[in-house]
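Novice: Sharing a structure with you now.
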């Protein structure tokens, strides 16, 4: 590590004024030079969406006059924010991108719906070490204090060790007091899914509409999963990749009669 | 295979009236009982986004009076369409979900931004064999005729062989005449990425805005990649997974000082 402060890009999906990102910025200011490029409004569950059929706005703003970071509010998705930061705003490739702290879990299959993690993955695609942080509390009044020490330690480890090409970290933090958190656990993504339900209603004009609701079902009993870690008081850290190839199935597929 | 016709869910991300989905419906009608649940407007590059902070509409419509399929137009994303279909519309779990035919490539890293592939992945998460089809022609006047024979053969193979849990297929078809297509090739996702550029403009009110543009860069010279296959006249088939865990990095991470 050079003695120069690392350049850290901070983003999220709950929007630039969410308490979770404010807590993350505070911790990052203790470690590096911070630039924030985050959505101007909540972008939860946006997955890896990007804005190609619409215009994007991105404006410098000051949210905290006392704080040292530069901040930009962007009309796009979390992935748009990362692209905008690296191509338009930052003076050089950042040393790290952190996303979050998300209000709510991104464990198990949630990683694929998550705007928080998609921002981290986008940074990873661009060759930037990246981490997504989430706290298991959906409330806007969630208490991020207990998370700070752990976030700082994980970030310091990533800066010291780097991350291999093609891998970002998905960190989920249980909603517990600091002393009740048992530490971190390296995990695999639990094989869990959502069983959706649609709440059907009729609008004042007589047209039916729906709200998406659902129940999270974890049938994975493994003690090496993120779900197990979180339920047992640990912070889960899942190394997450974006090569989606199921390499182990290539040979089998070659036996199919696909060229008849 | 039972003698009963398979129930096939058809969706896409270009919208229910796009020529690509109309071609796919036509082929699927030769194979099974078809139900279409697709976006009412273009949803390209929506990734795995779902609609949680807004209402969803989903209405039965008739686009082609002569055709046998049932069709529903949905105000949500491609992933919303699959959830709506399985939880609200279909009488039973479908035997197959096909998404596309997309107007444009979903090879390499495009898989992660793609609404077409996210719909297939969502079906896969729900345990439904699924395939995303894309033609390498972004035009609305793209010619889907040469694709039909190959699409039909791939679908028949999937119905006959099934797909393992956790795997869906990403099929990309070169924009060539039928006789010029050399056949299919099982591939891995090429390690390629986009280098974005933002086209900065000023709106009539004097505020700056941006359009996201970019260049696709493939530095992967492998002849086992989807990019190589497509450039050499083959249809690429990449088995695609949604367990994003980088299993090979778990042991290394366990050596870090994350619990100091």
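Start at 1 and count along the chain as shown; that gives each residue its number.
Using N, Cα and C of the backbone, Cβ positions are placed for all residues, glycine too.
Just so you know, TrEMBL annotations never went through curation; they're auto-generated.
Okay, so TrEMBL annotates it like this:
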BINDING   B:13, B:14, B:44, B:102  divalent metal cation binding site
DOMAIN    B:8-195  domain 'Survival protein SurE-like phosphatase/nucleotidase'
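Surface or core, plus neighbours and distances: that's what I need for these features.
Specialist: The Cβ neighbour count for residue B:13 (divalent metal cation binding site), using a 10 Å radius and every protein chain shown, is 33. Classification of residue B:13 (divalent metal cation binding site) by DSSP places it in coil, neither helical nor stranded.
On the 0 to 100 pLDDT scale, the domain 'Survival protein SurE-like phosphatase/nucleotidase' (B:8-195) averages 95 in the predicted structure.
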Novice: Using Cβ atoms and a cut-off of under 8 Å, determine which of the binding-site residues B:13, B:44, B:102 neighbour chain A, and list them by sequence position, or give 'none'.
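Specialist: The binding-site residues close to chain A are B:44.
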Novice: I want the residues beyond B:13, B:14, B:44, B:102 whose C-beta is within 8 angstroms of the mean position of the divalent metal cation site's C-beta atoms, in chain order.
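Specialist: Neighbours found: B:12, B:15, B:18, B:20, B:42, B:43, B:78, B:100, B:103, B:104, B:114, B:115, B:116.
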Novice: Select one residue from B:44, B:102: among these binding-site residues, choose the one with the most other Cβ atoms within 10 Å of its Cβ.
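Specialist: Of B:44, B:102, the one with the most crowded Cβ is B:102.
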Novice: List the same-chain residues at least 6 positions away in sequence whose Cβ sits under 8 Å from the Cβ of residue B:14 (divalent metal cation binding site), in sequence order, or say none.
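Specialist: Spatial neighbours, sequence-distant, of residue B:14 (divalent metal cation binding site): B:20, B:21, B:42, B:43, B:44, B:102, B:103, B:116.
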Novice: Through the lens of DSSP with three states only, how would you label residue B:102 (divalent metal cation binding site)?
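Specialist: For residue B:102 (divalent metal cation binding site) - judged by DSSP and reduced to three states - the answer is strand.
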Novice: Under DSSP, is residue B:44 (divalent metal cation binding site) helix, strand or coil?
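Specialist: Looking at the DSSP assignment, residue B:44 (divalent metal cation binding site) belongs to neither helix nor strand, so coil.
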